[in-house]
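> Feature table excerpt (TrEMBL):
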type: TRANSMEM; residues: 18-39; note: transmembrane segment
type: TRANSMEM; residues: 51-73; note: transmembrane segment
type: TRANSMEM; residues: 80-98; note: transmembrane segment
type: TRANSMEM; residues: 104-125; note: transmembrane segment
type: TRANSMEM; residues: 137-158; note: transmembrane segment
type: TRANSMEM; residues: 213-234; note: transmembrane segment
type: TRANSMEM; residues: 297-317; note: transmembrane segment
type: TRANSMEM; residues: 339-357; note: transmembrane segment
type: TRANSMEM; residues: 369-388; note: transmembrane segment
type: TRANSMEM; residues: 428-450; note: transmembrane segment
type: TRANSMEM; residues: 456-479; note: transmembrane segment
type: REGION; residues: 486-509; note: region 'Disordered'
Amino acid sequence: WWDERVAARFRRNLQPTLTYWSVFFSFGLCIAFLGPTLLDLRCQTQSSLSQITWVFFSQQFCLLLGSCLGGVFKRTLAQSLLALFASSLAISVVFAIIPLCHNVVVLAVVMAAAGLAMGCIDTISNMQLVKIYQKDSAIFLQALHFFVGFGALLSPLIADPFLSDTNCILSNATANASRNLPHIRKSLVPHHPGNLSHYALPMKGMVVTRVSYAFWIMALINLPVPIAVFLLLYKERMVPCFNGSSHPLLSADELAMETRPTEKDDLSAAAHRAQAAGGHDDFFSCCQSKNFRGASYTYFAVHIAGALVLFMTDGIVGEYSGFVYSYAVEEPLSVVHKVAGYLPSLFWGFITLGRLISIPVSYRVKPATMVFINVVGVLVTFLLLLMFSSSVVFLFVGTASLGLFLSSTFPSMLAYTEDILQYQGCATTVLVTGAGIGEMVLQLLVGSIIHEQGSYSFLVCGMIFGGLAFAFYAFLLFFHRMYPKPPSDADDSSPDKAAVTADTGQYQR
């Protein structure tokens, strides 16, 4: 169901591609466990609700910092793979030592280290797949982000059997607090205990929690990931005790495709242009004045507009998953706590399902079209949620719809923006950083607004953010039309141009 050129490129890069996908599974495994286990970690560290939510903030802030700095390790393939090996191994180590952290400050430092590792994984994996596949990268980026969703679904399932059913600090005050434990667990979001401060959770007493087993299981599950990165390093002879590099032999079909003059010339020219442009550097290198020389205003506008779209859409993912439970249990819906608890799981489940569906869809549909469908779908869904705000059934339907529309926004936007810039800009780093800032900032902003204005403002904020995402995408389309086109001779000789004419127009990017 895809042409031989793309299939041959995939076969040729099979081990690196599978390795980057597995590393993103490690990223997903680490990003979703903290919410369900936070109350047990509160017992382990004997801290208050307001203190333990700082662990959320330390992870999110350092994830953003790691995303900015991830490009530093992308100077060579060896540096990228060594950084991925260290990051994926660090995640296993973090899982293993979390049960040993009995102080909330120590736990925050450990989670900050995990955030740095996750940020490096996010930037480097996206960069390397874009570098390998370029105009064919959309389908592989969709698969990459499916694996982060799969990991994010798996870690809460692993943790669930080991979570405490009653308060895990035994004292005289445990009886009343234990009845509210599921509600408190679902209501905790980064640095916003909200209206939970009136619940008297004990801080002193005998600690009884089995959550340590969940972390050790996740450490073992994640262990094959750094091993896979090490095997790729070994295959490429980039382990420090070896020198040089090895290149696998090509099969006859692959060799025939490799020796096409137009493709060889185009790839070498593209590599020369990318090297001359110094693209895909880290966030700070992107800001150096040497990268601005001769660049038109549309160069900067494309970066900014793309980042702002993801600032809004990833921010919606963070604020919706964090506050949909709190919105559902309050008036006018007043959903039963146990039923409302399914909403975040439904949201993330449909995000993962949407990413799985987007893998074959992205082969037939251009990234620009997919992003348009996504932002329009988000806007319409929030509009309908506002119109039927008193319907519990439509809240569940709207939650599933939002998950589907938001699922493929990031990989599609990344593929589209890199394509506009002809793989010579800093789009990957800027977009990853913009998405991370949006997820952290909008969550804090919405938490403050809900606390002041009430639960209905949750949907109003989502509608505003969806409208802004659509507006910024319209600006991106405008700047795309203004952006300088590549030379016509390069277009005519490129393998992608040949593929378009040979494939009857079905595969165009």
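Including glycine, each Cβ sits where the backbone N, Cα and C put it.
Tell me what's around each of these sites.
Long-range contacts of the transmembrane segment (80-98) within the same chain, counting only residues at least 6 positions beyond its ends with a Cβ under 8 Å from a Cβ of the stretch, are 19-20, 23, 26-27, 29-30, 41, 70, 73-74, 107, 110-111, 113-114, 116-118, 120-121, 124-125, 127-128, 212, 215-216, 218-219, 222-223, 225-226, 229-230, 232-233, 236, 238.
Outside the transmembrane segment (369-388) by six or more residues, the chain places 138, 309, 313, 316, 358, 361-362, 394-395, 398, 401-402, 404-406, 408-409, 412-413, 416, 459-460, 462-463, 466-467, 469-470, 473 with a CB less than 8 A from a CB of the stretch.
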> The transmembrane segment (456-479): which same-chain residues, six or more beyond its ends, come within Cβ distance under 8 Å?
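298, 301-302, 305-306, 308-309, 312-313, 315-316, 319-320, 323-324, 326-327, 368, 371-372, 375-376, 378-379, 381-383, 385-386, 389, 417, 442, 445-446, 449-450.
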> In the same chain, which residue numbers or ranges, 6 or more beyond the ends of the transmembrane segment (213-234), come under 8 angstroms Cβ to Cβ?
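For the transmembrane segment (213-234), the far contacts come to 15-16, 18-19, 22-23, 25-26, 29-30, 33, 37, 78, 81-82, 84-85, 88-89, 91-93, 95-96, 98-99, 154-155, 158-159, 161-163, 242.
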> Checking distant contacts: for the transmembrane segment (18-39), what same-chain residues at least six beyond its ends satisfy Cβ-Cβ under 8 A?
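Residues 52-53, 55-56, 59, 63, 84, 87-88, 91, 94-95, 111, 114, 117-118, 121-122, 125, 128-129, 143-145, 147-156, 158-160, 163-164, 168, 181, 184-185, 188-189, 211, 214-215, 218, 221-222, 224-225, 228-229, 231-232, 348.
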> Sort out the residues at least 6 away from either end of the transmembrane segment (137-158), same chain, that have Cβ-Cβ distances under 8 Å to it, and list them.
2, 6, 10, 17, 20-22, 24-33, 35-36, 125-126, 129-130, 214, 217-218, 221, 345, 348-349, 351-352, 355-356, 358-363, 367, 370, 407-408, 410-412, 414-415, 418, 509
